Amino acid sequence: MFVDILTKTYYGNTIGTYMLSFLLIIGTVVLARVVYWSIGHVIKKITRKTRNRLDDILVDMLEEPVVFAIAIIGIWFSLQLLHTSETTQTVISTAYYILIVFDVTWFLSRVMDALIKRYIVPLVQQSKSKLDDQLLPIIQKGLKIALWIMALLIALNNAGYNVGAVLASLGIGGIAFAMAAKDTIANLFGSFTIFVDKPFVVGDRVLLSGYDGFVREIGVRSTRLETLNGRIVTLPNSQVADECIENISSEPCRKITMDLGLTYDTSDEQMQQGMDILQDIIANNESTENKVVTAFTAFNDFSLNIRFIYYVRKGESVFGVQTRVNLEILRRFNEAGLEFAFPTQTIYTIPAAGS
């Protein structure tokens, strides 16, 4: 009786064949769960004992794709037991190859993400530039898109489509897209140039395109400066990459040049005393470099000029140091009786004839 039931035929297959196909699917599910458990509880424990971190990444990323591959293969074999039409067999085989291609691509995509997170991201976080932090996700997404496009082309080829025609249409579309987005592409390449050359980093003071300000943001499309009056200027990266950039923050120190004019009744000893005072002020200032230039440089119309050059250390407030130095000059010169000259005019009057 039971044998008679198994031999009954429906849609070209016996009930026994259907049952065998179903049992194979059940066995596939059981096998997939066993493999999943084995990877999580056995293989991962083994890889954790090794010094190499790469095997942990590969096993962890292989876990779900392997289970999915077992399910695909098991279902494919179960369907092969059934007698179906040639068209149905073609559809099943095509779907099988496409799913296998996408499963492999899924695994490679997971491995790529894990490797970038494990090895590339720490390097990017250690750099001072913020640009690489912004570029890395874009590069990562670009690689994943390229990987999936390759998978799609392979899948289409296995499905019997003319990949050459598809590529030709993509080429025409790519040209049209490139023409429409040429400015965006130029800015993207400009950001890569800034990333590679690193002419400045966020926080640097630069002279760029006629603007003097601090770099506040380096984006994929543009760079933002905050000028000295507090305004934000946005410059396309394509323009920034082609400009001459003066990085003020890269200077080891800031040179300050002053001309001090003393009155003409100042003696030579007093002129020397004034230069000695200037030397002493800088020597006792921790915010300046230990180098200073003083020289009696000119007999001006109303003053005897001393050229005074000193250097403010990097990281110090230039205006703050100048203020402290100037106040000390004023105090010390007043104590020494040295008078600063100012424009004067002497008028000689000639008595009128007969007066």
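Using the three backbone atoms N, Cα and C, a Cβ is placed for every residue, glycine included.
In TrEMBL this protein carries:
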{"type": "TRANSMEM", "residues": "15-36", "note": "transmembrane segment"}
{"type": "TRANSMEM", "residues": "57-79", "note": "transmembrane segment"}
{"type": "TRANSMEM", "residues": "91-109", "note": "transmembrane segment"}
{"type": "DOMAIN", "residues": "142-182", "note": "domain 'Mechanosensitive ion channel transmembrane helices 2/3'"}
{"type": "TRANSMEM", "residues": "161-181", "note": "transmembrane segment"}
{"type": "DOMAIN", "residues": "183-249", "note": "domain 'Mechanosensitive ion channel MscS'"}
{"type": "DOMAIN", "residues": "256-340", "note": "domain 'Mechanosensitive ion channel MscS C-terminal'"}
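In the domain 'Mechanosensitive ion channel MscS C-terminal' (256-340), the DSSP tally of helix, strand and coil residues is 35 helix, 30 strand, 20 coil.
Counting residues of the domain 'Mechanosensitive ion channel MscS' (183-249) by DSSP class, helix then strand then coil, yields 23 helix, 25 strand, 19 coil. In this model, the domain 'Mechanosensitive ion channel MscS C-terminal' (256-340) carries an average pLDDT of 92.
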